[in-house]
Structures are given as structure tokens and as C-alpha cells.
């Protein structure tokens, strides 16, 4: 049912998420009918006149599979592809077996993402630039996070973009799914953290020698929702759908959105999105946010940003229905017995002028039957000024995002002087609706949290002595960006992060639950000590590291790569003359195998290829993960296919057939 509240998330399987990378097993037959759902949406009038049957028919059809090609790997502009087949058909059809293997392999190696079409929209509306600091608040399973990372790396010649993505999720287990998605992209500019998005901590950074608050240029607020836009994929929503799901989630959605705009820099953009069509989760949250912001926020007009997209404008009137079927069109008629379930912020603003000034029509509603997609809602907010409650109660809001100096703690007296229950983020007990106060402070719980430490190396760390000489690192190599995951004992792996993420890590170790960050660049190989260096290059980080390496590079041809990726341990003599001569001059140990495209020969790949390898005594080999091997071989015109009837070869590679 899409992303859900914290409690529901824990019972959810990753493959059933709205933008999951999985193609998942089929569901048992479920009757695709829910009279309450039909009655509710007919009554709301959210589907254009005469189209309701088309809308329902589309909802009952399986969702077509869509894929997105990784953007920064210099592929053509047609980067998203929409099939006319469901995931189940692609997975089970014998005729599509090669295609399915291709999808699985290329997804694992990070070259494509299997992502629902509507899920691709929010990152596109964020207008990401490589220097932007980005917060993805409810990020798992991570296909949107992958899009954000790709946008940071728009220029592959820049190994360390100035910007970064901090990707958060409330569920610890889902954070590891997020890590898996992000790791495919091998970026030094991503950090995965584990917090409740509604009270994600304010971070500090060093700015010109002084402590400063980290405000984000872009925030993605893709909140937990009832997921009724995902009925085409998550079929169990048909039998589980009820109006109370939205009523229960509204408060959480509003709290997360509030926290997002607090952490947004003035001038920044926050995209709020759900895979629900229910106004209680959509326009109601946006309207409440705009009303309480007192002009600090503005809905952006994004109508020209995605010219090919068909969408309906946001609505300005809606009403609420209980699961028993009782309707309420205004807060004033809600009986007090319902006040804990139904809140004033769930209704449209009553003042017509105020409502008109919000421009809720700028919200975007995507209906399934208009372009054969899932249902979706998205709104783009621009921050014009600090949030008003941060101006009024600066001392009480330091830890919430704005105002006050970095060393200040929450001033309990000031907070108690604020109007009781006046917080925007409050779900249930507001007495003075319409009065702004600082959202309540929540203490971060770190108990039960176990992760290896992130330890940065110093410039004079002895590990650099042999690495420096063996690989002839250039003088501008950023040693301070190298970290390991252990305080004691031998360092097994070395990772690199960007300078900006290093700043974040060093200044927030006590307030942040970091699950993962950085990209692996070296791994310990004790055999290498005999040849001058105990650390071999890691394929994950080769594109980050290679610009700084000035030795142990062999320039290879297309034919050389075919040999290296199809033979387990070929003799040096199997290489073409040029590469063979280069290899003979090198001593044993880790090497870079580098292909430089020839613009005069368009039959060969026109993008650079860099592989990690090992120069043995008489042989040479590539240290490249299996799916990446397949990817490069496909690029070179070699067909790669596993016969499911045959056992896997013991070495983990499959035989290939040259075209």
C-alpha cells in the first residue's frame, strides 16, 4: 500500500513498495472491487466528467513495467522506457527470458533502475544542480534517491560534486535496502541515515571556521501514504482500502512536511509527493502548510517543467468520510467524539480569498487512465522566508531547524510560554487552531543502534606511504576524504566521501544515526604487500579514484576487454601488442585497465571504460563483479545469456557467445 506509517512499514516487504526495484512474485487472485472506494472518489469529483469508468478500468489493469537508464553514464537522452507488459509477464514469459536477465543484471550493476513512471516525477521537478545539498526525508527503497544522485553527477568528469544527498528512512531494515540501491551508483556524495523524518535532527557544519546550521537547497518529502494510487501494482490495497487510512496518516504527513520546510534554505525548493489520490493526504497537507507559513512558502507553478506529462490541477474543495460512510464538509459539524480522529487541517480553508491565494490548482494530480500509469500527487513549494514560528521562538527552535546559535539547547521555559498545542505538527489535541508555535522537541533515541564507526585518516597516516608511491597519487589527492570503519586493528577497506559530507560527518557524530556513506576505493590484499602495496583498487570507486592515479595504468582496446572479461586468467600474451608491451613493464599487483574511446571509430563504445585488474607473474585478470562484466560485454557486442537449465560454472561467470 505504498509507503506507510512507521508501524506498518515494519511489516512491509520491499518488493511491494510503489517504486521498488523488485519484479516480485505474483499475488493470489484478489477481487479488484471496493464499493467504498468507488463511492468515495465519485462523490469527491476528482475524476473528470464522464471518465470515471475509464479510471476504474485502468485501476484494474496490471501496471506496465517501466525502466530508467542511469543518467550520468553518458547515454542518450531517451532515458526512461515504458513497456506495455506487466512485471509478472516479463518475469515468467519464456520468450522474454533474455530480456528479464538483462533487466536483472543491468539493475544490479546500476545502469538501469526499474522504477514506476510516476515515481520519476518528483526528482525531475526539484531542478537539481551538482552543488545542491539535498535531503530525501522518506527515502527507502531508494529509486528516487538514485535519481537525485545521478543529477549530482551530471558531469562525470567531476569525481566530487560540491553537493550531496542525505537519504533518510525511519525503518532500520529498509535503510539497508536504501544502501543497496545507492551503492549501485558508486557515489562519494551519498549518506544514508536512520531517523523519524518528523523530527530528523538539525545538523551543523563548519563554515569558514565557525559552526553553522546545515540548511538544504532541495528537500524531497515523499511521505508515507495510504497508497491507493498503487492499486495496479499492490493489489492487496483493493481489499484493505478504507477512508480511515488517510485520516490516520494526515497528521504524520503534516509533521514530516513541517520538518522538511524548517530544514529548507530560504530560496530552496521542497517537493511533496504521495502515491495517494486522497485530498486529505494531498491538498489538505499543502493547504495547512501554506496557511501556517504566513507567506513564507509559495506553491510553484510547474506546468511548463514536464511538457509531455498529462496531469489534473489540484482541487480546492473536498470533504471527509468516516469508514462507516458518514460525510463531513466542515470542521464545525464534526462531533467532539470524532475530534481525535478528524482534525481542522483536513478541511479546505473557509476563507475564499485565502484559498484563492494558495493556488492549490498548481498541485499536480496524475490519474492512471490518462497515460497508463499509477495514481500520484505532487506539489512544489518554494521557501521565501524563514518559517514564522522560528522567528517568534528562536531559542526553542535551534534543534528543530531555524533560529538561535548552534550551541544553544532547547529552552524549556520559552517553549512552555508558547501557545499550548499550537504546533503545526500536532496531530490530535490542538485547542487554539491557527496559532503558530514551535513544533515540540523530540529527543533522539540512539539505543539499540549498532554501526561501525566512521574514522577519517590523517594526512600522515602510514597507510598512505605505500599507496602514494605504488599508485603515484597526484599532489591534489584529497587524503582527508579517506575513511575506514574501524578504530583499532588493520584497516580492511578504505572509502572516500566528498569534502562536504566529511564536514557533515565530523560535526554531527552525536546527533546522527549514519548507516552508510562513501564509496569503497581500496581493499586490503595481503598478497600485495610482497609487491609493494597491501591495498588493491576496488571497482566500486575506480571512477572516483582514477583521476588521481598516475601509474599502473594499462590502456586497453575493445578486443583486450573482451579477452579480460571472458577469460578467467588469460596470459599476458593474449593481449594485443600495445597493451601487452605496457603490461610487461609493470610489476605484479593491482592495476587500472583503461579504455579511451576513439571518436573516429563509431563502431566502438564512445564512453570511457575503467576496470580494476591484477598483473600476475605471467597472467592478467580483471577484478569486476559479474553483472558489471555482463554490462561491458553487452556494450562490446558480446551476447551474454545464462541457460537456466545448466548449473552455474564454479567460478561464478557464465559462458558468452561472441556476435
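For all residues, glycine too, the Cβ spot is worked out from N, Cα and C.
Predicted automatically and left uncurated, TrEMBL annotations should be read as such.
Per TrEMBL, region 'Disordered' is recorded for 1-23 (among others).
Annotation comment: TrEMBL describes 39-384 as domain 'SAM-dependent MTase RsmB/NOP-type'.
As annotated by TrEMBL, S-adenosyl-L-methionine binding site applies to 138, 139, 140, 141, 142, 143, 144, 169, 196, 222.
Under the heading active site, nucleophile, TrEMBL lists 275.
Positions annotated as region 'Disordered' by TrEMBL: 393-437 (among others).
Per TrEMBL, the feature compositional bias 'Basic and acidic residues' maps to 397-412.
Here the CA atom of residue 275 (active site, nucleophile) lies 13 Å from the CA atom of residue 138 (S-adenosyl-L-methionine binding site). Straight-line distance linking the Cα atoms of residue 144 (S-adenosyl-L-methionine binding site) and residue 275 (active site, nucleophile), rounded to a whole number, equals 13 Å.
With the fewest other C-beta atoms within 10 Å around its C-beta, 138 stands out among the recorded positions 138, 275. Straight-line distance linking the Cα atoms of residue 140 (S-adenosyl-L-methionine binding site) and residue 275 (active site, nucleophile), rounded to a whole number, equals 14 Å. Regional average pLDDT for the domain 'SAM-dependent MTase RsmB/NOP-type' (39-384) in the model is 92.
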